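Chemist: Before we start, here is the structure in question, set down as structure tokens.
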Amino acid sequence: MSEHPRTMRWNGDSHGWLTMIDQTLLPVEFKEIECRTVEEIWEAIKMLRVRGAPAIGCSAAYGVVIGLQTLADDADRKEFDARLEEVATYLAGSRPTAVNLFWALDRMKRVAAENQELAPKEMHTRLLTEAVAIEDEDREMCAAIGRHGAKLIESGTGILTHCNAGGLATAGDGTALAVMFAAAAQGKEIQVYADETRPLLQGARLTTWELQQRGVPVTLICDSMAGQVMKEKRVQAVITGADRIAANGDACNKIGTYSVAVLAKAHGIPFYVAAPSSTFDLSLENGELIPIEERLAEEITDGMGKQTAPADTNVYNPAFDVAPAELIDAIITEKGVIRPVTKENVRAMLEA
Ligand SMILES: CSC[C@H]1O[C@H](OP(=O)(O)O)[C@H](O)[C@@H]1O
């Protein structure tokens with residue numbers, strides 16, 4: 001089973017640049033782009049050239065390094081720190097829901113705050129070291145999620161997934177898809193049903209592509225078919241990713257995930273969420289407090305560039321929804337499996 005092509009990779013020293021797969025072009029074209037300015041990183045996150053909570057966090061961390069390149073060699077430390085705050089605030093404005101973005105930016109700012117004695121040049125190098133660590137740790141977290149999650153999957157299982165929580169959403173093998181890759185690598189026969197995931201079709205464009213690349217059997221379905229494949233007993237488990245998980249275990253993920261969770265409960269099918277600890281936001285008591293990104297109407301009225309609704313049609317386009325903890329059978333993290341999903345068990349796992 002081949003390795004996943006790297007979603008992103010840093011080039012050079014602290015004055016280097018970030019190369020990333022432009023995911024908006026997949027599956028028709030595999031093209032890597034070079035981001036050499038913080039504005040290019042911001043645009044790549046905003047336009048989902050790079051997307052998925054962990055991948056957004058990793059990219060933003062490198063964006064901080066890039067944003068400080070003009071100051072690193074000749075500014076004083078006060079000016080350097082002011083620019084760091086400015087760059088972090090700018091990147092934080094790219095997308096509001098995936099907590100990994102803010103977790104990564106806060107981690108970069110914390111490293112700077114804890115190393116006030118360093119001159120700008122040395123501090124800049126230290127920030128690159130931290131960004132690389134964030135990427136490397138994410139890769140390890142993906143592998144651990146795969147190991148823990150594969151224990152829940154028996155051979156012969158049909159698994160439904162929504163959106164893309166694969167390697168393209170992370171620095172490693174993904175979260176939900178890491179479980180599938182790990183189960184397949186253990187010789188377990190699985191059949192994946194991938195929701196196309198309107199309106200941006202991350203499931204059709206990205207999840208099918210990843211699974212085909214790695215030789216995992218996948219069947220593409222329309223989002224509206226999820227209930228039918230459950231009713232036909234084609235599916236014995238659902239695994240999705242997450243963009244932000246509140247302290248009580250409510251999990252925010254791509255729009256349509258809540259509906260899938262309700263359907264799974266109605267059919268007595270276990271609904272699993274796979275996410276690293278960097279996707280938890282313990283500052284929020286429950287999922288109703290998670291900011292939900294609303295995106296442009298054109299993503300629906302002119303999906304993939306083809307007009308399918310009258311001009312100026314009223315549109316509601318929330319990019320995420322929240323599956324309440326009571327609909328989630330387990331949350332698979334790099335530290336282990338949270339089950340049942342309760343506030344107490346969430347905190348215990350994250351503090352383990
Ligand atoms: C492993 S996080 C993947 C998560 O992110 C996706 O959202 P987007 O494509 O808008 O960045 C989706 O919610 C996935 O489950």
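A Cβ is built for glycine as well, from the same backbone N, Cα and C atoms used for every other residue.
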Chemist: With Arg51, Gly52, Ala53, Arg95, Asn253, Lys254 listed by TrEMBL as substrate-binding, which of these, Gln202, Gln212, Gln213, Gln228, is given for the same site?
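Modeler: Site partner of Arg51, Gly52, Ala53, Arg95, Asn253, Lys254 for substrate, according to TrEMBL: Gln202.
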Chemist: Show which residues of the chain containing Arg51 (substrate binding site), separated from it by at least 6 in sequence, have their CB under 8 Å from its CB.
Modeler: Gln23, Ile45, Asn164, Leu168, Ala169, Gln202
Chemist: By a simple count of other Cβ atoms within 10 Å, which of Arg95, Lys254, the binding-site residues in the record, is least packed?
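Modeler: Result for the binding-site residues Arg95, Lys254: minimum number of other Cβ atoms within 10 Å at Arg95.
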Chemist: Other than Arg51, Gly52, Ala53, Arg95, Gln202, Asn253, Lys254, which residues of the chain come within 8 Å of the substrate site, judged by Cβ distance to the Cβ centroid of those residues?
Modeler: Leu48, Ile56, Ala98, Cys163, Asn164, Ala165, Ala169, Gly241, Asp243, Ala319, Phe320
Chemist: Which of the three DSSP states, helix, strand or coil, fits Gly52 (substrate binding site)?
Modeler: coil
Chemist: Let me know the largest Cα to Cα distance in Å among the substrate-binding residues Arg51, Gly52, Ala53, Arg95, Gln202, Asn253, Lys254, as an integer.
Modeler: 17
Chemist: How far is it from Ala53 (substrate binding site) to Asp243 (active site, proton donor), counting Cα to Cα, in Å?
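Modeler: Between the Cα atoms of Ala53 (substrate binding site) and Asp243 (active site, proton donor), the distance comes to 5 Å.
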